[in-house]
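Q: Input: one structure, supplied below.
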Amino acid sequence: MIILKRLLQDKGAVIALGIIVLYVFLGLAAPLVTFYDPNHIDTANKFAGMSFQHLLGTDHLGRDILTRLIYAIRPSLLYVFVALFVSVLIGSILGFLSGYFQGFVDALIMRACDVMLAFPSYVVTLALIALFGMGAENIIMAFILTRWAWFCRVIRTSVMQYTASDHVRFAKTIGMNDMKIIHKHIMPLTLADIAIISSSSMCSMILQISGFSFLGLGVKAPTAEWGMMLNEARKVMFTHPEMMFAPGIAIVIIVMAFNFLSDALQIAIDPRISSKDKLRSVKKGVVQS
């Protein structure tokens with residue numbers, strides 16, 4: 001509750017949360033928000049300008065851009081939520097087992113993580129696309145295969161830190177069950193860390209699925225997706241540049257929202273982190289990358 005109170009005192013975090021909630025609502029309630037079919041082709045009305053009927057105009061096939069932008073939230077954001085949830089779930093279970101019990105269990109899980117992290121996520125995704133073909137489901141599968149190991153390592157480090165604390169040692173001394181110790185004394189402390197790495201990971205996953213769709217390797221046509229919309233707009237970017245603005249701005253806004261939320265979570269958990277320290281760490285990360 002203290003962390004939530006600090007988070008809500010940050011105006012940037014509140015705005016970021018509002019944007020994320022708005023995106024999720026629009027994605028889930030897309031049929032109620034817009035009355036157009038995102039895949040309805042009307043060549044007689046192609047490249048129509050902004051109007052009351054089409055607030056953002058139409059594309060090269062006469063499809064309403066705003067409608068496709070809203071429906072594109074589902075593969076671009078909601079599918080990523082599913083992949084992130086499964087990845088965090090697998091990584092958390094293995095991370096808790098590895099960090100708490102250590103020994104042989106820790107060595108076995110860490111070697112499995114080493115194997116998975118030895119392959120770049122883009123290489124794994126391309127391999128799955130080559131084996132099973134294009135589609136959002138294959139990209140989601142690649143997210144899960146590559147991300148769980150990273151989450152496992154981060155959560156393991158956090159669990160090992162809390163396992164060495166005095167209150168956990170006292171709980172072991174009085175004979176408390178291991179699962180009960182994890183559930184009551186360690187899990188609540190690690191939830192904040194999990195929330196931070198999850199929110200920061202969302203940005204790269206959104207950019208990755210949009211990037212693959214932009215290259216024609218992601219979501220299959222005619223399903224609306226931001227990266228695919230950018231690819232379609234690329235062909236007419238000099239004659240109708242406005243077609244690129246809508247999906248591009250949508251991606252930038254949601255990625256910035258998750259970035260702000262991740263930074264705000266870190267400050268809410270550790271108020272000693274100042275804006276100056278945060279700016280310095282961001283610059284250092286940019287230089288290293």
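Glycine is treated like the rest: Cβ placed from N, Cα and C.
According to Swiss-Prot, the record shows the following:
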type     : residues : note
DOMAIN   : 73-262   : domain 'ABC transmembrane type-1'
TRANSMEM : 13-33    : transmembrane segment
TRANSMEM : 77-97    : transmembrane segment
TRANSMEM : 115-135  : transmembrane segment
TRANSMEM : 194-214  : transmembrane segment
TRANSMEM : 249-269  : transmembrane segment
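Quick one: how deep are these features, and who are their neighbours?
A: Same-chain residues lying 6 or more positions outside the transmembrane segment (13-33) and placing a CB less than 8 Å from one of its CB atoms are 7, 67, 70-71, 73-74, 77-78, 81, 253-254, 256-258, 260-261, 264-265, 268.
Sequence-distant neighbours of the transmembrane segment (77-97) (same chain, 6+ residues past either end, Cβ-Cβ under 8 Å): 23-24, 27-28, 105, 109, 136, 140, 143-144, 147-156, 158-159, 182, 186-187, 190, 194, 198, 201-202, 205-206, 209, 254.
For the transmembrane segment (194-214), same-chain residues at least 6 beyond its ends with a Cβ under 8 Å from one of its own Cβ atoms are 75-77, 79-81, 83-84, 88, 92, 121-122, 125, 129, 136, 139, 143, 147, 150-151, 154-155, 225-228, 230-231, 251, 254-255, 258-259, 261-262, 265-266, 269.
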